[in-house]
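Annotated transmembrane segment per TrEMBL: 42-60, 72-94, 115-140, 146-169, 181-206, in sequence order.
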Amino acid sequence: MDLLMIAQASIALLMITTPPDPVKILFFNTIVANREERRAPAALKVALIVAVILGGSALVGRQLLGLLGINLGAFGIVGGLVVAGMGFEMLYNGAPSKTQGKEIEEEGPEDEGSLIMPLSIPLIAGPGAITTAITLAYQGNQIDPLIATLIGVGVVAVVIFVSMNYLGGLISKVSERTMELLLRIGGLVLATLGVQILLGGVVRYFGL
């Protein structure tokens, strides 16, 4: 197993889901407010929901595309464009991509049902993250990209649990400028990976 492939999948998924985003964590904090005993179970619930959504997308994405008659090379090209576009959006705006439900964050939570929607989906496992998971999993005919993506999903789940359960009080103290800088750096990495995925799709589509 290529460790670089695992690292790329993990970084791409972390950058697009951005679990430590202060807004997401404050959203979570509001849901579990005055119920600290519910923090760990709630954080675990969010992590598992996101893992199932992204892991399931990675596992069945290829079959679904086949049923729809979509060429994997073409999907790689479009998926690469989407990932790169989200990366450029983060790079220039210094904020999470709107395809991940950024606008919903401003509405605030209502109750614990909000752990599933809109927190788990689409704020964390949004369309962009799902597209990224499918695209990363099928960059070639080997099984390695799929395994690397599933490991990346596991990494995301762990980071979500740690972020929600332990960093709730700390992350809100991170300055807006610092978070903006981190998101811009993450956007650059994500845009680069998106272009790489796009080029891989071109090679696969044209059989180069």
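Cβ atoms are placed via backbone N, Cα and C, with glycine included.
Because the structure is a prediction, the values reported are computed rather than measured.
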The transmembrane segment (42-60) touching the transmembrane segment (181-206) per 3+ Cβ pairs under 8 Å rule: no
Residue numbers, six or more beyond the limits of the transmembrane segment (146-169), whose CB comes under 8 Å of its CB atoms: 1-2, 5-6, 8-10, 12-14, 17, 19-20, 25, 28-29, 39-40, 42-44, 46-48, 50-51, 54-55, 58-59, 124, 133, 136-138
